Amino acid sequence: MGEPQGSRRILVTGGSGLVGRAIQKVVADGAGLPGEEWVFVSSKDADLTDAAQTQALFQKVQPTHVIHLAAMVGGLFRNIKYNLDFWRKNVHINDNVLHSAFEVGTRKVVSCLSTCIFPDKTTYPIDETMIHNGPPHSSNFGYSYAKRMIDVQNRAYFQQHGCTFTAVIPTNVFGPHDNFNIEDGHVLPGLIHKVHLAKSNGSALTVWGTGKPRRQFIYSLDLARLFIWVLREYNEVEPIILSVGEEDEVSIKEAAEAVVEAMDFCGEVTFDSTKSDGQYKKTASNGKLRAYLPDFRFTPFKQAVKETCAWFTDNYEQARK
């Protein structure tokens, strides 16, 4: 059972990003409970790399619960270039948020990690016990170590103060309100933008890399529903992987084909193998999640891709790109 319900003020950092917008939608569509007040904030409300601004935000909101999504993020090529920036900014953000939550007496914090935190050299499938078993992939070590430190801090806050600070580890998230920037975005939104442009220009589609790497994609609206479950019901300090099953892993080539199909693209598709593939796979086990929620139903991948492509086309002018 989760902790007792009652009046709650839930602060969501990174509230205007991909996952924050998905949680907003799911709450607005009926997932919110009586007695819950949801407060979504973005970098416009406070610079969370600044301790004083973060403290002021927490003093003002006085959250009983926090979903911590705010982070400096970017795709593979941006990470390779700016490892120091990713390390410093994220360490500052995370320390400021967790300590401000502690100072105002927040009852529970759920932070968002990433599967890139896992050791580069590992056995598959990855599970929650393996986080600290070796160094992460060298391409984005700054971001990965900063995210790992959230787990270290959560354990320390529990050991020293008894705080219920925990974290979730989603696999590759995609959906409406993603960053569709081709240079800086993640693989699926980048593909969606590329297909849109190729279709508009009547040109060929070039996919970066060989198309062979495999990923577990999770639709942002499914992840939002799981985040709300974690907030209410999951009381371990140890993190939990939020992912589709291993059998639902798809190759980048298959992902590209799903986007091509969803957008009715009829042009030529080529793969540029001179571009880096990143990690070949990072298959994660969702065994722990399934032990808690054996009947949770994920949106089928092709349907989720179709909905995301439709959102991007309908909101092309406003979309982050």
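Even glycines carry a Cβ here, placed using N, Cα and C.
Among LYS194, LYS199, LYS288, the residue that Swiss-Prot places alongside TRP208, ARG215, ASP277 at the substrate binding site is LYS194. Considering only the binding-site residues GLY14, SER16, GLY20, LYS194, ARG215, the residue whose Cα is spatially closest to the Cα of SER114 (site 'Important for catalytic activity') is ARG215. Residues GLY14, GLY15, SER16, GLY17, LEU18, VAL19, GLY20, LYS147, PRO170, THR171, ASN172, VAL173, HIS186 are the ones the record ties to NADP(+), and the longest Cα gap between any two of them is 20 Å. Among the listed recorded positions, namely TYR143, TRP208, the Cβ with the most fellow Cβ atoms inside 10 Å is that of TYR143. When the Cα of LYS194 (substrate binding site) is compared against those of the recorded positions SER16, LEU18, TYR143, LYS147, PRO170, the shortest separation belongs to LEU18.
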